[in-house]
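Copied over from TrEMBL, here are the features:
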type     : residues                                                       : note
REGION   : 1-145                                                          : region 'Disordered'
COMPBIAS : 11-26                                                          : compositional bias 'Polar residues'
COMPBIAS : 48-57                                                          : compositional bias 'Polar residues'
COMPBIAS : 72-90                                                          : compositional bias 'Basic and acidic residues'
COMPBIAS : 113-126                                                        : compositional bias 'Low complexity'
REGION   : 253-277                                                        : region 'Disordered'
BINDING  : Gly561, Pro562, Pro563, Gly564, Val565, Gly566, Lys567, Thr568 : ATP binding site
REGION   : 780-813                                                        : region 'Disordered'
COMPBIAS : 782-802                                                        : compositional bias 'Basic and acidic residues'
DOMAIN   : 849-1035                                                       : domain 'Lon proteolytic'
ACT_SITE : Ser941                                                         : active site
ACT_SITE : Lys984                                                         : active site
REGION   : 1047-1076                                                      : region 'Disordered'
COMPBIAS : 1066-1076                                                      : compositional bias 'Acidic residues'
Amino acid sequence: MQHLPWRAALQQASKSTTRITVSRASSPFLPLSRYPRRFSSPPASLFASRSFSTSLSRQKEKNPKFPPESQEETKNELEEDQSKQPKAQEESQDLEGKSGLPEPIPSSKAGDARGSTGSDGSSGSNAEGGGGKKRKQGDRSLVKPSIPEVYPQVMAIPIGKRPLFPGFYKAITIRNKEVGQAIADMVKRGQPYIGAFLLKDDEADKDVIDSPDEVYDVGTFCQVTSAFPVGPDDNFAMTCVLYPHRRIKMTDLKPPPADKLQEPAAEDSSQSKGDVVASFEENSADAGRIAQLYDTVAFLRDRKVSIANVENLVEEPFDLKASKVIPALVSEIVNTFKAVALLNPLFRDHISTFSVQTTMNVGEDPVKLADFAAAVAQADSHELQEALEDMNVETRLSKALLVLKKELMNAELQSKIVKDVETKIHKKQREYWLMEQMKGIKRELGIESDGKDKLIEKFNEKASKLAMPEAVKKVFEEEISKLSHLEPAASEFNVTRNYLDWLTQLPWGQRSAENFGIQHARQVLDEDHYGLKDVKDRILEFIAVGKLRGTVEGKILCMVGPPGVGKTSIGKSIARALNRQYYRFSVGGLSDVAEIKGHRRTYVGALPGRIIQALKKCQTENPLILIDEVDKIGRGHNGDPSSALLELLDPEQNNSFLDHYLDVPVDLSKVLFVCTANLTETIPRPLLDRMEMIELSGYVADEKMAIAERYLAPSAKEISGLKDADVELHKEAIVELINKYCRESGVRNLKKQIEKVYRKAALKIVTDLGDEVLSESTALTDEGKAAQREAEKDTSDVKETPENIEQETTETPRVALKVPDSVHVSITKDNLQDYVGPPIFTADRLYDTTPPGVAMGLAWTSMGGAALYIESILENALSSNSHPGLERTGSLKSVMKESASVAYSFSKGLIARDFPKNRFFEHAKIHLHCPEGATPKDGPSAGITMATSLLSLALNRRLDPTIAMTGELTVTGKVLRIGGLREKTVAARRAGAKMVIFPADNLSDWLELPENIKEGIEGKPVSWYHEVFDLVFPNIDREASNKVWEKELKGKKEKKRGKERSREEKDEDESGDDDD
């Protein structure tokens, strides 16, 4: 009963005359179809005259039950229409899709000829008689739509981005299949009405409303004028054209149900519950049925769609004649429209359409004008929604004017940008035409040739000065011919030009005059490097051969040694000695073959490889190219660069090196390649086989001393700003640095420590003198002072670049300050700790006096040689009942673990053979350890050291702490060859060793060592371990060694027998108790 007022209004609307005047919300300016419309028995007539296309399947309707007369009339009428106008229906459908004229609501009874409108304006009672005859005569009157004024429940559709305004069409796309089916069913039932509400979230895209909070509560009551599917069948999408009629407000929302409970009722039911009945013959007897038919969307309740209870919104009354503000706002809106139309052609079309559709003066209907302004303006969604919600005409006009003014500002800005761009384009176009005319005039007068011709002439001139091989010359001529036929604007033109540029910049046939003077080379090498006699001799031999042959081609040298020994710098010294150009590049971590062999010309930004770039930079065919860190070359998905180096570093192949970019053979046989590496193990074997190895071992203390005095200290003093200052680093301080701070093989760390000493001295001088002597005003130049003043004014963040950065910078802001002559700084051994801190190494050796079981071995590392001590101890007290065992610690890898096992077995065999009464290994549980457990250790050269350590423990004899040893041991006692003897000898010298025991197979390596390394060290080559035993255990008392553990083992045996007797007696007593 709560909907009775609406029902009464609907009855009143249905009893009104058929020519109902369209309400203001229906927009009198809407374009109407030029074809008359017939409205016979709905809904069948609706589907005969209109086509609502959807992608959904529709059930076939039952034939409506027409009266016989009506059926005959309809049949004759259809035949007449089909014979006379075969294309009328297609034209009507096309116009319907374009115009989308809103239709009236047809009756829910398919067989009833009554309706809310008639074809000639007569009432529904005589529609059966006179209406049919008049249709036969072809008198089709123009019918205006009748829209229900009251529609309390609608299907709610969310709209994104912009709200809909009454009177202006809007096309939306429905992607929810349930919603699309519901719209199709509503159209088929003759109830194509929905409520459109704007989503609050502009990014949301959905077809149902789950909560009232998702949308604004004020929307528009819209009619679906057409609906048709778009896109493929498997991806549902329906485009619906909506015509908004009036503003509505949502009072309640029924969100879509979770599950669909049942199918909707049959479409062909004669009394569908959801149909709206507007009958002119309704009487009081139908009052009981009216209460059940008020719900217009009952058939949608079980569908997954949103249904909203709505109420109409009415504008606040206004007096157009009495108000002065409304006419002013209307006038300003009209003026703004005119201004925007002059700038925006789209607005001009909107205004033209609006002026054609409306028949009244714009000042007579300010409501329609405000809606039109808001509908066509581009603004934020919330601003347009405010204009839709406002029911005060004056306020709505103000809001519409606001969004229209923003549109005007955007149009003016866009117009300004377009004009600026057009001005620039016209200017450049004019300059281009003038330049072309000037070039043509100059060509006609012979003053200047074309730019392309000049470029070709330049390339030919360059090529004439080069001794290109025949293959290269042929390629050059082909590329020149191609360039001459290309237009400068073509993309291929720049590719060919760059290729010719590289081809003519290479030094074909150009070589530098080499200097093969032995004395000059020796002088240069001695100036740059101290020591390294074997390396210098090898280089001098290399130069001597070149002097006799006239060239040094065909050799690839590889300097191998620990870091900081001067591998890279000696390559530069070789280039200076030979008077060759020098080019260096590192391949450490390189994983792209294109860095070596170049890119193909098909790639954008392609370049030749580093070797071709080196030739271009050096401008000579015989430079010295240093390939650094060749042992650290990588391998990635772009190929294996180490394999690409095989062709480059092979003297038999690099005389025709083929770069991917140039694609012509390049002779690299005259290039002297020098490589550097720290290790040879990581260099691929084929690549290592192509290079001649020159090993650079570490420096001893006296070499480091000479290097520090000659090179490191003067360089560090100069870069610290103390070149002319009286700052002296004494020799004793340098020795202290070498012995207690820098024990590595190279001198790089020593250089850092010396630089640290001089930096501390510089800080001490500046602090003691203060700003009075070394003031900033004297250090800054005039330009620097001006830049500093500008920088002080700048208050911006240091992370941001200031706008006046040009004023804050200068080329020479300050000059160097001179330290006064009165300043004297002396760094001695006593005050060295004030500059570099406490010493790192406090002793020359780990042990000044070694206990039994400790022996000093020698190891080779990537940093050079190192002293490696082997320690062995007893884990448990030695007794006759103890069990033997060996435990190994110290991060030993697999090879060293095997060496420990071999040494243990060999030691047990030696004791059993030479000292049979010494039962030490039969009962001793031994722990063997290598100090510095965090450092992984591997290699076979610690065999004799481990055996000596175990024998020292078994014989309980101390070893001489000045004896160092290295060598691989077999189980039979044979001492095998080892590597790195030079580095190990240097390490033994640093550790204070006076005797070095090494395998006899390494005697040649020992003889090649410089005398300064072997000075003070006695070398002892050995072939079997018994020779080592005689050296480390001289004058041993064999009888005493046999009895060294006799007391411990004997006493323990008697105690053991007593314990066994007591245990047996106790067991016998327990067994007797059990028998009882």
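Each Cβ is built from the backbone N, Cα and C atoms, and glycine gets one as well.
This view paints the features noted in TrEMBL onto the structure.
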{"residue": "Gly561", "record": "ATP binding site", "Cβ neighbours (10 Å)": "26"}
{"residue": "Pro562", "record": "ATP binding site", "Cβ neighbours (10 Å)": "23"}
{"residue": "Pro563", "record": "ATP binding site", "Cβ neighbours (10 Å)": "15"}
{"residue": "Gly564", "record": "ATP binding site", "Cβ neighbours (10 Å)": "20"}
{"residue": "Val565", "record": "ATP binding site", "Cβ neighbours (10 Å)": "27"}
{"residue": "Gly566", "record": "ATP binding site", "Cβ neighbours (10 Å)": "25"}
{"residue": "Lys567", "record": "ATP binding site", "Cβ neighbours (10 Å)": "25"}
{"residue": "Thr568", "record": "ATP binding site", "Cβ neighbours (10 Å)": "15"}
{"residue": "Ser941", "record": "active site", "Cβ neighbours (10 Å)": "28"}
{"residue": "Lys984", "record": "active site", "Cβ neighbours (10 Å)": "30"}
Secondary structure content of the compositional bias 'Basic and acidic residues' (782-802), with strand meaning DSSP E or B: 12 helix, 0 strand, 9 coil
Gly561, Pro562, Pro563, Gly564, Val565, Gly566, Lys567, Thr568 excluded, remaining Cβ within 8 Å of their centroid (ATP): Met559, Thr676, Asn678, Leu696, Gly746, Arg748
When distances run from the Cα of Ser941 (active site) to each of the binding-site residues Pro562, Pro563, Thr568, the nearest one: Pro562
Rounded Cα separation (Å) that holds between Gly561 (ATP binding site) and Lys984 (active site): 13
Pairwise Cα distance for Gly566 (ATP binding site)/Lys984 (active site) [Å, integer]: 19
Rounded distance in angstrom between the Cα atoms of Lys984 (active site) and Val565 (ATP binding site): 16
